[in-house]
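Provided herewith is a single structure, encoded as structure tokens, for subsequent inquiry.
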Amino acid sequence: MDPSSAGSGGNSLPSVGPDGQKRRVCYFYDPDVGNYYYGQGHPMKPHRIRMTHSLLARYGLLNQMQVYRPNPARERELCRFHAEEYINFLRSVTPETQQDQIRLLKRFNVGEECPVLDGLYSFCQTYAGASVGGAVKFNHGHDIAINWSGGLHHAKKCEASGFCYVNDIVLAILELLKHHERVLYVDIDIHHGDGVEEAFYTTDRVMTVSFHKFGDYFPGTGDIRDIGHSKGKYYSLNVPLDDGIDDESYQSLFKPIMGKVMEVFRPGAVVLQCGADSLSGDRLGCFNLSIKGHAECVRYMRSFNVPLLLLGGGGYTIRNVARCWCYETGVALGQEPEDKMPVNEYYEYFGPDYTLHVAPSNMENKNTRQQLDDIRSKLSKLRHAPSVHFQERVPDTEIPEQDEDQDDPDERHDPDSDMEVDDHKAVEESSRRSILGIKIKREFGENATRVQDGGRVASEHRGLEPMAEDIGSSKQAPQADASAMAIDEPSNVKNEPESSTKLQGQAAAYHKP
């Protein structure tokens, strides 16, 4: 795309997609986020966010969005989900003092995989504040919000996991539930979105759908039989995949499954975690998706014209991460960035071809047609969206007036968030696996049990109410209907984009603790 074609209407220009529907897109970025450093040899590199931003600037995409520098999430906001003692630890620990806190490091799973980095608490505040800020924007006229620094889906209520310290996704969903009866979470990272699923496993107001590598692979969760518990039964969907899945095979599952989920669940908002470690050639991944194949998930979810929060996640071949999230920003805007890459600050990273797209490899696709058919068959059971009544709503987050004439859009700030929250009981330590050791046996020991429906519920969650206690409760839902989610073959899938009425019929939602 020629940067000159981006338009001269400032950074509040609504974009028009292929479906003819206008989208108001906002984008959250803190220029300091690229300075955080996990340590020498660590695969997680926040520098990839700065690389992505540089590409967005050179492609002229920033001019088509409202760009905000996020306000850091405050302690009480973080404690809407996380245990206060855990947040206090993240705030106080430093590389210099960590040796004096060995017991707490072990308790909260902070160490080699999730190291104590300089400015750890500020880092968490930054990416969490951006995700919550994006959720707030949906209440003020925006259709799509983007935070590529977010999407850290492994963090638990009181422990770090898989390079993730604070679960910005859960915090954003809790914000969305103030105004939306049902919220859908979709995860296309190669790793199972265990932290988000766990947070909403027993409620029917949030539904989680995760497409991930399953087997001897971190975090070892996400069995197709894990479907939610109690009120949340059938509100967790897991799509376990094998090595080498390509664009065609992936979309043969993604579109029919998500088309049926949107039809049956009817969410008021969608959160899409766009982990780029599912791309071909990722340092820690084993899938074979092209950037266009990965972005097709964004394009498809965008077409429903439901408020859409796009978040980052995994991705460890950082030049491809930047390529992917730049292209997906273009998709969100209804644009098609040209393949030839403009000269930019990190141009040398993208040699020798200097293109936005890279060809997938010729690796074997171990996902057979029979396996894909079996997955569709097993997932073809989903109850209809339940009706829901709100408890007293949490006060709206107030947004001060923005200065539309401010010269530098990167200096804009999103509004202060003033989320009043209930404290939640901390859960016990969960079984820990390492994301750095990819081949990990999956076992069911004393800390897990299988309930009658085949769903797996960690022992610390048995008998607990949903961890997000302030999200309301549903009225008695209808019995599960075996025919409610008969997933069609991909050739039969047709998505009729909804109008700006944003999918009518909102009710309860579901998810894991």
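Cβ coordinates are placed from backbone N, Cα and C, and glycine is handled just like the others.
OK, Swiss-Prot features for this one:
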- HIS154: active site, proton donor/acceptor (ACT_SITE)
- ASP189, HIS191, ASP277: Zn(2+) binding site (BINDING)
- 398-409: compositional bias 'Acidic residues' (COMPBIAS)
- 492-504: compositional bias 'Polar residues' (COMPBIAS)
- 23-334: region 'Histone deacetylase' (REGION)
- 384-432: region 'Disordered' (REGION)
- 446-513: region 'Disordered' (REGION)
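I'd like to know what surrounds each of these features in this structure.
The Cβ of HIS154 (active site, proton donor/acceptor) lies under 8 Å from the Cβ of SER161, GLY162, PHE163, CYS164, ASN167, HIS191, GLY193, ASP194, GLY195, PRO219, ILE435, each of which sits 6+ residues away along the same chain.
When other Cβ atoms within 10 Å of the Cβ of HIS191 (Zn(2+) binding site) are tallied across all protein chains shown, the result is 28.
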So, in DSSP terms, is ASP277 (Zn(2+) binding site) helix, strand, or coil?
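Once the DSSP labels are grouped into three classes, ASP277 (Zn(2+) binding site) ends up as helix.
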What is the average pLDDT across the region 'Histone deacetylase' (23-334)?
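Averaged over the region 'Histone deacetylase' (23-334), per-residue pLDDT gives 98.
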Relative to the Cβ position of ASP189 (Zn(2+) binding site), how many further Cβ atoms are located within 10 Å?
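Neighbour count, Cβ to Cβ under the 10 Å cut-off: 26.
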Non-local Cβ contacts of ASP277 (Zn(2+) binding site) (under 8 Å, 6 or more apart, same chain)?
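Once residues fewer than 6 apart are set aside, ASP277 (Zn(2+) binding site) is near ASP189, ILE190, HIS191, ARG283, LEU284, GLY285, GLY313, GLY314, GLY315, TYR316.
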Would you mind pulling the DSSP three-state label for HIS191 (Zn(2+) binding site)?
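DSSP call for HIS191 (Zn(2+) binding site): coil, neither helix nor strand.
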Enumerate the residues of the same chain, ASP189, HIS191, ASP277 excluded, that satisfy the criterion Cβ within 8 A of the mean position of the Cβ atoms of the recorded Zn(2+) site; list them in sequence order.
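Everything else in range on the chain: ILE190, HIS212, LYS213, GLY275, SER278, LEU284, GLY285, GLY313, GLY314, GLY315.
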